[in-house]
Amino acid sequence: MEGSAKALLAVVFAVAALLELGLVGANFQDQCDITWEPQNAQMTEGGNHLTLSLVSNSSGCMLRTKKQFIYGSVSTRIQLVKGNSAGTVTTYYTSSIGEKHDEIDFEFLGNETGQPYTLHTNVFADGVGEREMQFKPWFDPTDGFHNYTIFWNPCMIVWFVDSIPIRVFRNHSGVPFPTSRPMYAFSSIWAAEDWATQGGRVKTDWTKAPFVAEYRDIGLNVCECSGSASSCADGCATGDQWYAAPELCKLSDRQLHQMKSVQLGYTIYNYCDDARAKGRPVPPECNMDQY
Ligand SMILES: *[C@@H]1O[C@H](CO)[C@@H](O)[C@H](O)[C@H]1NC(C)=O
Ligand SMILES: *[C@@H]1O[C@H](CO)[C@@H](O)[C@H](O)[C@H]1NC(C)=O
Ligand SMILES: *[C@@H]1O[C@H](CO)[C@@H](O)[C@H](O)[C@H]1NC(C)=O
Ligand SMILES: *[C@@H]1O[C@H](CO)[C@@H](O)[C@H](O)[C@H]1NC(C)=O
């Protein structure tokens, strides 16, 4: 083999190894802008480590990806506020901008020391939300970093925690589902002592401020698409994208099993059950498969 061909191969292998490790593009500095209170964000380790701080009831922090996208996967690892985090809310979500918006949420509602966080999920399509499911974490989300992933393709949305699917929301006919509005990914920390912890009964202990959430490794594997041109939505909907693989149209048996055990053991709120219990109209997808 020629020397230059060998050198090229070596580069190809090195790049493949970096991709494997998730080190390429895993950088908050390159991928994101701080859109609220930049003095409360700190990046170190070349932009791969990030902290967002909540310093007072009117000063938190928000981060937004530079890219807008339709479909794909957004991951990051987060270590939530330690100790007494009552009244704090850390968010991690994707959202379109403008009216009748689409949104896919993770929110982490803080608690008193020793009491569990609430892991809140929701989805909005065409501006219609109220599809909350909440879980109690089966691990301590303040002790070490955990990987939170939003996966979105034309078939379904999946919320993953440490690669375990905890919830699926499918594109069923007759059920609003995001398919055309480009989204950004966001993360923020803010004050919500009026409602966040135990229904607002437990307030924030501001003597403990700042409240700090820590992040590592942003993974954006998305179909970039800005503006609102439907052509860009069509481009992302084509079958040659990685997320359009038929096996990604539903969970594997193993994933389904994992999700069922989380939902059985750790669900603390489900909008479908709530509507049934209160005799309110039950959204149509509540009677359809969600996996
Ligand atoms: C925020 O904190 C300030 C100073 O402690 C207080 O005066 C104000 O009422 C608080 N605002 C809200 C909305 O809680
Ligand atoms: C998703 O929903 C859209 C709009 O309702 C529909 O046109 C499309 O065929 C659906 N896609 C899949 C894969 O089910
Ligand atoms: C986080 O989980 C997703 C989904 O399982 C995975 O693709 C990604 O590589 C993980 N990221 C890290 C940094 O572990
Ligand atoms: C906080 O802890 C209480 C008591 O364990 C629990 O009922 C509640 O769901 C937890 N989460 C929040 C956000 O209040």
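Glycine too: its Cβ is placed from the backbone N, Cα and C atoms.
As annotated by TrEMBL, domain 'GH16' applies to 1-215. Annotation source TrEMBL lists signal peptide at 1-26. Annotation source TrEMBL lists active site, proton donor at E107. Here TrEMBL flags N111 as N-linked glycosylation site.
The number of other Cβ atoms within 10 Å of the Cβ belonging to the residue listed as 'N-linked glycosylation site', over all protein chains shown, comes to 21. Residue density at E107 (active site, proton donor): 20 other Cβ atoms are found within 10 A of its Cβ, drawing on all protein chains shown.
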